[in-house]
Structures are given as C-alpha cells and as structure tokens.
Ligand SMILES: *Cc1c(COP(=O)(O)O)cnc(C)c1O
C-alpha cells in the first residue's frame, strides 16, 4: 500500500516544507537499514543516546527525499527535491501514522501481550491460521513503541487477519500501543517477573497489560491465574471473556485432561460446551499454556475442531535464531531458521548487509518458496528479486517449484534455480560455493538443515555459542549508567575475552561503540581485515609493530619514554604527523604508565617538541573498582589521575579525552566516567563486583560421545585417579584441557550439565576428552552437555579453580568452533 506524501502530512498533522511529489511505501527509523530510498519516509527519532536528525544529510545523499523531523535542518537549499514534515514529536508521528493506517482495516486483529510466550503464541497462531487465511504479523519480536508501528504498517489489502505483539517495560506505555493495534481480540499469555523492576506490584503490571484490551471484543486469558482474573474484573472490560482453565469446567475453554506420551501431549478440552481433543508435539508447561491460548483464538475465529487437531499436531518449534557460522571453503553461513516470509527475509538480508566483510566476499542468498503471502507469485517474486538486489545479493539460488517458475522476476544476474534441496546439493553450483557469505533462508518444509549441515565445517563437536543480543543488552546496561555524551571503549582484547573478536566487533561497530581496544597490533590488523572501521586502540604496542599500526590505522597506548621516543622516530621516518596516541598514567597499579606527578612535565615537554604524534586521550586504570574494600585507594588513584590529566590537557588546545572507569568502575563510580569509559568483562555478561551474570553471552557446549557402565571396583582415566563409590554410568565428552577445560576441574572438583542435571568430572581430564559421571541421569550418546553458560554460570568454574571468570573465558581454545546467534 502506498500513501502520497500529502496524505501522510495530513494524517500526522505535520507542517510540510517542500513540494516534491512522492509515494511512501517504507518507513525507516534506523538509517543503517535503508533499502528503497525513493519510497522511504525517514522518521528522525530522538533517544537518550542518539538523534536521528544526525543522519538526514547522509540519507539524502543516498537518495531519501522524505523526512519527518522535529527540527528542520539548516541550509535547506542543500536538499532540493526533499520534503520535510515538521512535527513536535517524531515518535508520536510514527505512531499516529500507524494508527491511521490501522483504521483502514475492518479485519480481526489479535493483540498479544504477557510476560512470556508472546512470540510463541504469535508464531503458532500464524501456523494454525495461515493455511486458510492471509495473515500479517509482527516480524520476529517487533513489539516496542517503535516496533509496533512498524509492524502495523505491514497491513495491506490482502490481509485477512493480523497478529501483533505488544511489549511494555514501564507504566504508561500500553496506551500508545493500544491506539496503534486496536485489537479486536486480546490475548494475555502469562504473567511473570520480566520488567518487574519498573512496576510497584504484579497487579500494577497486570493492569497495565490489560489496558491493551480495553476496546477489544474478546479477551483470551488464563482464568486459573487469580491476579489476571481479578484485574480483568476491576478493569471495567465489558466484552466477551474466553478464559482457559485446567481446573474449572465452567471456563470457556476447559482442559479436562492432558496425557503425555514420549514427546507428545494429548489435550482433551471442552470449548463452549463442545468436546474436542488435539495432539501437540510438545510436553512442557510453557508450550501447553501457549497452545491453550492459540486454541481459544483459532476456535473463536472459526477453525473447526478437526482443522485445529490437524494443525496443532503439525506445529513447529519457534526457532528465531539467526546464526553465523564458519563454513567450508572460506564461506560464512548465516542461517535463519525463522519462517520464510517477505518481512523476515528483509530483516535477514539487512543483517547480512550490515556486517562488513573483508575482501568483499560475494553475498549469496539461498531461498525457498515463500508460502501463504496472499500475493500473486509474479508480484511476490518480483518484490523478492528487487529486495535481494537492493540489499546487495550477488548470487541468487532459488529452491522450489514456485520460485523456479518465477526465475524471470529475479534481477540478480548470477542466479540458479532448483526444484528441491537434492537437486541443489548434487549440482555444480553447490560445489562451486567458495569464499562467499551465504544467507540460508527456507520454509521449514524444504529441509534446508541439510544444506547447512553439508556446508558447515565439522571439526570438533565442541562449540562456543555466542549470543549477540545478550552482548548488546550488556552494552546497554552499562550505557545506562553513563551520560549520553560519554564515549565508550569496548575491550575486545584476548579474542573478545574468548568470544571471538571479529564477530563481536562487527556487532559493537553496528551499535556505535566509539573505540575498540585490543592488546597487540596483530589483533587490530585482523579486525581491519574483516571490515572494522571503528577506531582501535592498542594497549600493549610492540616496538616492532609501529609500521603495521600506521598502515592499519591502529592507535597505540604510550606508557614510557622509551616507547614514546621510538614511536616518534618511527612516525617521523614515515613522514607521519599528528598520529593519535593514548597516554597511560600509573596511579597505583604499578604495571605500565607514566607517573602523574614526576613524569608529567617531561611528557608534555616531549610531546610539545614534535608533531609526529598527538595525545588523543589520557587514562589510568583502577586497581580495585570491583570491591568496596579499596574505595579509599580508588579515590586516591582518581585524585592522582585528575591532577596529572588536567595538567596534560592544560598544555594543549585540542580536547584530550580522559578515561578511567572499567566495567566495575562504570557501575560503582559513575561520577568518575569523565569523557569515556572502558567496558570489558561486563560486556561479556559478568558483573565483576558480585560475580553475578547479567545477560549470559557465551555458552560452551559439547556432546556425549560414548556411554558405558563401569563397575564400582574399576577406575576411570589416567593414573587410575577416577575412583568410583558405586557402579556407575560414565560418559566421555570431546573436550579436554587443550580446548580450555582446565585440568584442575577434574577428579570431582567441578561438574557440567547433562539434560539439566549436574554431572561431575571423573578422574583426570585428558587433552581432548573428559569423563563425567552420569549415573541416574536420563541421557543418550549424542546428547548435549553444557560446560558453562546459560544454565551453569562460568563463575562456578572460576570459583572451583579459585580464579576469576576472565581466566576461564579467555582460556577457551581457538580450535573450539564458535557459533554466533541473534534472536
Ligand atoms: C582489560 C582492561 C579494561 C577492562 O576491564 P574490565 O574489568 O574487563 O572491565 C579496562 N582498561 C584496561 C587498561 C584494560 O586493560
């Protein structure tokens, strides 16, 4: 659906500056995601940390002509042909536009909220309804104040039913989302602890969520939850209530019995007096609850009990991970197991496009048929082709009958089509995949797992999974202590504390870290060769690597006169002037650095008498910001630094950034954040002040290779160290001290997790293998084993080793394959 710019102006009540005609099809709030400039309307949103107005000039250069702003840019003559729609609040304007768009549709709209399970309910409803109706839904979990309007904008003439998620984190937000979604059917999935910090009570949070349903005709909820039932009564909601219950036969949807067999549940229910039954290929409580909510909505929308039964039995797990893995022959695989539809394709292509790549490797898309779009194939695949071309796809591989029939619509020159996965993997095209970044995206029915499996590099069954969303959540957690203008250095030394510097740096660059820091020049070179353009600091510059630093734009730390003089000589030899460096002061660590009292005059003197290097920043490091015990020492360190760094600044006209806080310092001494902070361990999810896990980033996993019964009188492993106290079941796992599993964890000093249960290490840990005791644990060969991560904090291992989590994380060997994912 397209809106003329005049219409948009009226709908959002803006003052228009500019007269060019335009039709708007795309709304943009993040300049990095631009795709169709001519039809894009950019909303210059302001947040605490950023201001969209900053990107107008760049977007204009890239072809965008339509902007919603709260401030019209200076020099309007530089923007011929542009329209600026001036409003007081650009976020409100975005929401208003979505609201007006929503008004055009008299169809059932399902608004889904709750603490957990929103996305699962939305995706399952999609699977249940889409065989018989055209469904528009929020992509992934777009459920915020910005995500909801962007989702609602996706409604189009074909849509017959819409599914939107609404997520809130603080009081007062739901009102805006209600006006935009205007649900006719409301679903409250479950009430849990998420975001409780911003609400006084569970009741208050529940009332806020229920505000979404105020004008809905039907509300679907768990009537066994007393808080929900009470809040709903108190809210004055007057429409129909469809409660599900496992206790009360009077509920609209009464679950009379649930039988479990293996991995399948059979649910017997009574819906409005009629008996029914369905099988669900899941047995956990969360899945059951979501299936009840889905059944209520589907039955209300007219699905027959038979249709419900058939489709429930075929429900697929909701996997929303987008994974990045190393593949064979120099390929990187981006595997998006999320359902294949146009909107999620757009998001995945945007992800690929935004990750820089070295040597400009070719970008390849492997795509299956897209089901249930409601559009004619000619139109759909023409859109897909255009999108792929705009998002930089250079090689297009289509798999499926529909997409093959529309081969002509794909404009990417290097294109290939196959009827099915077999045809593709047996073809020369498959064998020719080399040095490419490959996005693999297919409807589940096509079995694209096989392609991924064949392309994956299988070296070892032990992997480190790195959660990029968690990394960003931690970054934002620490940013919340900082003033918006304070800069941030993200420490990616030691291969990003073991998480893999290249992919971590790509994500940090995308999230606008001001600086990255590594220990040695070679680490910096690797980042540059992989497309990282963010400023990079070298903490331990080697005298032999100055030339490399100049060549790759790496900024060294300078901590001694010897280093400074050598650096100046090297720069002068290359004819370099004003090369940025970072001056380190020693305020108490007594490791590296200039003495802020004794040395500072001489530092200034030497810097003043040359122009090869220039101090870009000055910094020092706390010895004990992670413990209150050292607070007075920290204060003393800070006073010394303050004095020395002020003196340095006073000697120069240009601004010299001052920084001292590390992760613990940011949290403990936000008043000492100065111009910049250096974030290390916290980024990787560990709060060094109390060893608490923030958002867990890295999970080290392996699998059971072999199981055996070992009688009590036998021993396990080298030197017969593994003595048994009972007849035992012993599992061998392919991880040893050469992978970074510290040998001191052996002989029962620590455990790993097998199917959620603790399995202690038995006997000495070997180089490549370890043995664990799984007696009494229900497990099989091939089952997954967690060494540390989401369910077993890395601090359990570091405590057992009487060391710090830094050491355990950075010990993970480079031979352990890493898999990056994003929800
Ligand atoms: C590693 C390092 C940091 C980061 O410390 P964390 O405790 O991991 O936050 C900060 N500054 C310097 C100089 C470092 O070497």
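Backbone N, Cα and C define each Cβ position, glycine as well.
Record features (TrEMBL):
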- 493: active site, proton acceptor (ACT_SITE)
- 718: active site, proton acceptor (ACT_SITE)
- 591, 767: substrate binding site (BINDING)
- 697-821: domain 'Alanine racemase C-terminal' (DOMAIN)
- 493: N6-(pyridoxal phosphate)lysine (MOD_RES)
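Under the DSSP three-state reduction, residue 493 (active site, proton acceptor) is assigned to helix. Put plainly, the recorded positions 493, 591 were compared by Cβ crowding within 10 Å, and the winner is 493. Cβ neighbours within 10 Å of residue 718 (active site, proton acceptor), excluding its own Cβ and spanning all shown chains: 12. Note: the domain 'Alanine racemase C-terminal' (697-821) comprises 23 helix, 44 strand, 58 coil (DSSP; helix = H, G, I, strand = E, B). If you take the C-beta of residue 767 (substrate binding site) and look for same-chain residues 6 or more apart in sequence within under 8 angstroms, you find 736, 737, 738. Between the CA atoms of residue 493 (active site, proton acceptor) and residue 718 (active site, proton acceptor) there is a gap of 35 Å, rounded to the nearest whole number. Across the domain 'Alanine racemase C-terminal' (697-821), the model assigns an average pLDDT of 96.
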